[in-house]
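K.L.:
There's a structure below that I have some questions on.
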Amino acid sequence: MSPRPGFPITHTSSHRSLSDALRAVRSREEQETLLGDEDEELADPDGCLRAYAGPQQVFVPDPHAGLPVYVSIHRIRRIVLASIDDPYTMDQLKEPRMNVLIVKPLVDRLYDPDDVSIVYCLLVNRVQFLREQSYQHHHQSVNVTRANLCELLAMKILRRFDEDVTGRPGLLLLANILVAGFDPFQNAPHEVCEEVPFARMSLISRGGYEGKSNALEISIISESKMFLSSTACQKVVDAVYYGRVVYTPNAFIDIIPDNYKHKPISLYDPRKAPLLNQYRLIVPRSRNIIEVCQFVILLLLYCLCMAHRDHTRFTGYEVCFVVYAAGWVLDEFASMLEHGWHVHTQNLWSFLDITFVVIYIVYLGMRLHGWIVGNLGECRQALDILAIAAPILLPRLAFNLMPENMLFISLRAMMADFTALSLIAVWCFGGFLLAMKWLSMGNTHVDPEDAPNSITISKWMLWIWFGLDGTGIQESPTFHLILGPALMTTYAFLGNTLFLTILVAILSNTFSKIAADATAEIQFRRTVLTFEGVKSDAIFAYRPPFNILALLILVPLKFLISPRWFHKVNVFAVRVLNAPILVLICLYERRYLWKSKKMGPNGPSKKGKASWWSLSSFNVHADIQAVFESEPPQSVVDRIEEEDEIEDAILENSFAAAREASPATQVRRRRFSSVWQG
């Protein structure tokens, strides 16, 4: 394997020393006491690790800072524009003819084993082509084709990286490709920085790792579901989800920023980690379990609060619910700021969380205002508003427990289509409401006081819409003897027949599209859950309602002490408040994080006593799985390669003999002999 600048695993001595220095730094950080002294100078015995250590931040320099990201982005754009002039579907781009003529030559041209940013650059171009598609309708289909080509190239290049480097070094390489942060203006020419204000601001404000995006984030916002469902991408997603690959994410906005230390992308070894490792709280699997437990507590407090509701006073259950729910809402608000609104709304249950946040804020405002002014009616209304949160909270728990269920995945998309079509229908059918209201006002045969009001007419129309009751048709002559029945009958045909038929057709089409590519849709949601689960904001390390105290104490404290001591105080508080959780996580991961008990992130570990009571031993076919859990020794590999060389030579001789003995070869030989003799 050739040396890879920007990738920490190589066979050169200088990069070996860099890797040793990085491990020494990580080991030293992990073995620190809760409030022990942290030296500002990191261990660098060979002088090859130029880690920045100062009063503001401690981090190793970006190993990918020298990659020409800006040049690669525009190079890819020029190549794609020159390659695609006509619209093609994704299936057409995958055909063998297109693969030979366009896709494979571009993959060979763009693939560079020393450049891990090429996948990021391709996905950035996909986002741009999709943006142009929404504004330039005359080139709409062509831009969609170009965007699809960028996604296809990114998938194939990532697969080639995966094929070139296997094992755990390959996993670390793929992780660097997908989760390493890049800046679109990285290494841009000086004149670009002078002419483009955003580039100049970007270079000034984005020092180190802050404010950068990665390929995984770009693929989510561009909804590159085919790329995300690829085997190489899912390998990294699973490793990040279970915590085998660790990295420090980049947040859009931090409420409690603690960026004093930046951990590079690496493989996690739980046996060398401390017992209380606060960084394991940002592992997506651990955080997902913790969030489910937090929501169950919120749901129980909500049920107790509503079961013992008393609008005349604050009960103990209601106080507990208000305080805990405030911490839960703060956690949800921080999640929106962490990766931005676009990424957050891609979560399967985000619309339920946002709806509950709105209901809770309205309830809390009315409840406090009614309690302060002594208005019991307003307090009763506040509890009535809180009661409508039940249809939100109960389904949300089902979404948490079954996030990969096709019913819930399709329900989210179908709800969006239903809401959009219903709003359009209400807008269009509002004319019927106004017409019948004005007809009833002009009817001289009916007393104005007995004429139906707008609410009654709307109720009749709603019943007709859903086919529940025909009262509106019976009462239509009260509007006008001729025009009233004509309007109501026309509305019944349009609303109850035509609209519902269109609605059912659209929802069926939406479900069919999702079900046709269920695997890609499920893996896309899994990727969103994984990416959003890796948090950098320190507020996520505090469970509700302790995050409220952290917000009130740590935010002012950050302006009073140095970042180094703020980091110490934050780590101490997190470890104390989460000590039982951290101990359980550590004990579990030391045994089950890496599937093979004989393999760790750095290779084979020391042999221990056989676990005869292991649950896997009760599996009848456990030996089939066990044979693939460890890599074969080098002697077996050499034997396989030796036998393959012999078999290849035998097969080549057989094919040569078969070609010589084929009738076509004999005919060509006779023709050549006759021509030569003639």
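A Cβ is built for glycine as well, from the same backbone N, Cα and C atoms used for every other residue.
These came from TrEMBL, pasted as-is:
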DOMAIN    73-263  domain 'YVC1 N-terminal linker helical'
DOMAIN    295-593  domain 'Calcium channel YVC1-like C-terminal transmembrane'
TRANSMEM  289-307  transmembrane segment
TRANSMEM  314-330  transmembrane segment
TRANSMEM  350-370  transmembrane segment
TRANSMEM  419-439  transmembrane segment
TRANSMEM  488-507  transmembrane segment
TRANSMEM  546-566  transmembrane segment
TRANSMEM  572-589  transmembrane segment
K.L.:
Should anything in the same chain at least six residues away from the transmembrane segment (350-370) have a Cβ under 8 Å from its Cβ atoms, list it; otherwise answer none.
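P.N.:
For the transmembrane segment (350-370), the far contacts come to 322, 325-326, 329, 332-333, 344, 376-379, 381-383, 385-386, 388-389, 392-393, 395-396, 399, 412, 415.
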K.L.:
Over the domain 'YVC1 N-terminal linker helical' (73-263), what does the predicted model average in pLDDT?
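P.N.:
Mean pLDDT, the domain 'YVC1 N-terminal linker helical' (73-263): 85.
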K.L.:
With CB pairs under 8 Å as the measure, which of the listed stretches 419-439, 546-566, 572-589 comes out on top against the transmembrane segment (488-507)?
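P.N.:
Most contacts with the transmembrane segment (488-507): 419-439.
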K.L.:
Which sequence positions outside the transmembrane segment (572-589), separated from its termini by at least 6 residues, show Cβ-Cβ distances below 8 Å to it?
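P.N.:
Tertiary neighbours of the transmembrane segment (572-589) are 34-35, 243, 270, 273-278, 280-281, 283, 286, 290, 538, 541-543, 546, 550, 554.
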